[in-house]
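Asker: One structure is given below, represented as structure tokens, and several questions about it will come after.
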């Protein structure tokens, strides 16, 4: 049965009904507090003047809920495209699938080791997001940098999520601008409604349900879909390759995804919501395991698609990023409805986490300075409306994703070297705020200098999202959009490799891998070198924040106050 199989109204109805279902689940969860039903008046008071539990579910969740919530928050409708595209592309194959799977799961494994230390240092009073560690460890300047990077990453993620569910809905119903716009608005606004009304604890309840749905669907659907698309061992061996390009994309994806997810404030909320350190670590381990296996499952489907449609992919009659949907194309209409329900659940699970994460960046200052919570809600709503605009206009999100991943790779080493809080020796000192900011500068300069060495003219994206360093490139498909001038174009990662439709295959170039490695190395080196230089010239004054606002306190000060 060829696409489209649903009408526009049917696609809209499926998406809206699924999203409203989670809205109702969240409202029911929010109406229960401490095992008792809230009165309408109390529920309204919680909405108007939310307490810390409503904002963060702080220190309340056991490991099972942490694991399922982290898993659901980390998944999204993009999984239909991500590792599936890797597996379908014989140039990348299993290395690409493994890289995407490991890269998606690895941030949780890293958090197992660093999150308890950060949580203890920041303190219960101040801990809501990654930006709170930046403020407690360094100061206001570093917090602003971390907030900028975190919000930029989550905003682009939000754009990508709602664009993906709109793409899936229009794939099943035909490319209708009306269907696309309604789906974009419905998913974004309905999820925003329940995150604003019900808070993080209710969102975690929906995460648990979504996590169970995702796991159950994967186990059930994998058997049916693989049975409907039989391929023999010889066909699988023919497309199962180990290539240099695949290995390069594996390394690049691991570096990029880890760097970006360390700035995902939505996932950091799970850190502060864990009941204990043991719950946090076991929950993160569960979340990482589930994420890895789901990504690996979709990667296997991509390899199966490559085996079944090898000639079509080689002749560009079919596109790698649609591999999953080629396998599902022959299924009956009812299966397509089920796939759309699953896609919507994946999208909603990620979107509500991003929305909560966007607001969490400001929670600490909201509480410390007695600012109105509604101000944060207005900012979050504005960002969501902006994301709808980006998606409606079909502004290329993938190239933005690549760029923001690189920015995260520049900032992550400088920030997280702050875990070193005491001097190791005379030359290796605990990073200072000046050193941290200079680490970000050095990482940025490394990217720019590489662009100078490569003599880039700038960066242009074509109609398929591929990035080119020359607007006259014969392989570019017009219309072209100018992204950056000269060496600054290197931030857009114009790898110089022609790839079908741009897509995640753009991660496959050695130049892109080198850019990420240089950014990380120079960020770390710059942070440590300039911290040493700062301490050498300014002495103990270097340990203080560069900018101090009345009321700012370090994590250690608050911990001492709580202990007292």
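Glycine is treated like the rest: Cβ placed from N, Cα and C.
Those TrEMBL annotations? Automatic predictions, nothing curated.
When I checked TrEMBL for this same protein, it listed these features:
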- 12-31: transmembrane segment (TRANSMEM)
- 63-81: transmembrane segment (TRANSMEM)
- 93-115: transmembrane segment (TRANSMEM)
- 144-170: transmembrane segment (TRANSMEM)
- 182-200: transmembrane segment (TRANSMEM)
- 212-231: transmembrane segment (TRANSMEM)
- 243-263: transmembrane segment (TRANSMEM)
- 284-307: transmembrane segment (TRANSMEM)
- 366-392: transmembrane segment (TRANSMEM)
- 398-420: transmembrane segment (TRANSMEM)
- 432-453: transmembrane segment (TRANSMEM)
- 513-533: transmembrane segment (TRANSMEM)
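Can you tell me where each of these features sits in the structure?
Answerer: Within the chain carrying the transmembrane segment (12-31), a Cβ under 8 angstroms from the stretch's Cβ atoms is held by residues 6, 37-38, 43, 46, 165, 169, 179, 182-183, 186-187, 190-191, 193-195, 197-199, 201-203, 205-206, 209-210, 337, 340-341, 344-345, 348, 352, all 6 or more beyond its ends.
Remote same-chain partners of the transmembrane segment (63-81), defined as residues 6 or more beyond its termini with a Cβ less than 8 Å from a stretch Cβ, comprise 104, 108, 157, 160-161, 164-165, 168, 204, 206-208, 210-212, 214, 261, 266-267, 270, 273-275, 278-288, 290-291, 294-295, 298, 321-322, 324-325, 343-344, 346-347, 349-351, 353, 504.
Beyond the ends of the transmembrane segment (182-200), by six or more residues, the same chain brings 11-12, 15-16, 19-20, 22-23, 26-27, 29-30, 46-47, 50, 53-57, 158, 162-163, 165-166, 169-170, 206, 269, 273, 344, 347-348, 351-352, 355-356, 359, 377, 380-381, 384, 387-388, 391-392 to within a C-beta distance below 8 angstroms of the stretch.
Beyond the transmembrane segment (212-231), the same-chain residues lying 6 or more positions past its ends with a Cβ under 8 Å from any Cβ of the stretch are 68, 71-72, 75, 290, 293-294, 297, 300-301, 304-305, 307-308, 327-328, 330-331, 338, 342, 345-346, 349.
Long-range Cβ contacts of the transmembrane segment (243-263) within its own chain (Cβ-Cβ under 8 Å, at least 6 residues beyond either end) map to 74, 86, 90-96, 98-100, 102-104, 106-107, 110, 130, 146, 149-150, 153-154, 402, 404-406, 408-409, 411-412, 416, 505, 507-510, 512-513, 516-517, 520.
Counting only same-chain residues 6+ beyond the ends of the transmembrane segment (284-307), those with a CB under 8 A from a CB of the stretch are 63-64, 66-71, 74-75, 79-80, 82-90, 93-94, 96-98, 100-102, 104-106, 108-109, 111-112, 115, 211, 214-215, 218, 222, 225-226, 229, 231, 235-236, 238-240, 270, 313, 320, 323-324, 326-327.
Residues 114, 117-118, 130, 133-134, 137-138, 142, 145-146, 149, 152-153, 156-157, 159-160, 255-260, 262-263, 430-431, 436-437, 439-440, 443-444, 447, 461, 465, 467, 483, 491-493, 502-504, 506-507, 515-516, 519-520, 523-524, 526-528 of the same chain lie 6+ residues outside the transmembrane segment (398-420) yet bring a C-beta within less than 8 angstroms of a C-beta in it.
Within its own chain, the transmembrane segment (432-453) is flanked in space by residues 138-139, 141-142, 145, 406, 409-411, 413-415, 417-418, 486-491, 514-515, 518-535, 542-546, which lie at least six positions past its ends and keep a Cβ under 8 Å from the stretch.
Sequence-distant contacts of the transmembrane segment (513-533) (same chain, six or more residues past either end, CB-CB distance under 8 Å): 248, 251-252, 255-256, 259, 406, 409-414, 417, 427-432, 434-436, 438-447, 450, 490, 493, 542.
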Asker: Counting only residues 6+ away from its ends, which parts of the chain sit with a Cβ under 8 Å from the transmembrane segment (93-115)?
Answerer: 70, 74, 82-83, 86-87, 239-243, 246-247, 249-258, 261-262, 264, 267, 271, 280-281, 284-285, 287-289, 291-292, 295-296, 299-300, 302-303, 306, 416, 419, 504, 508
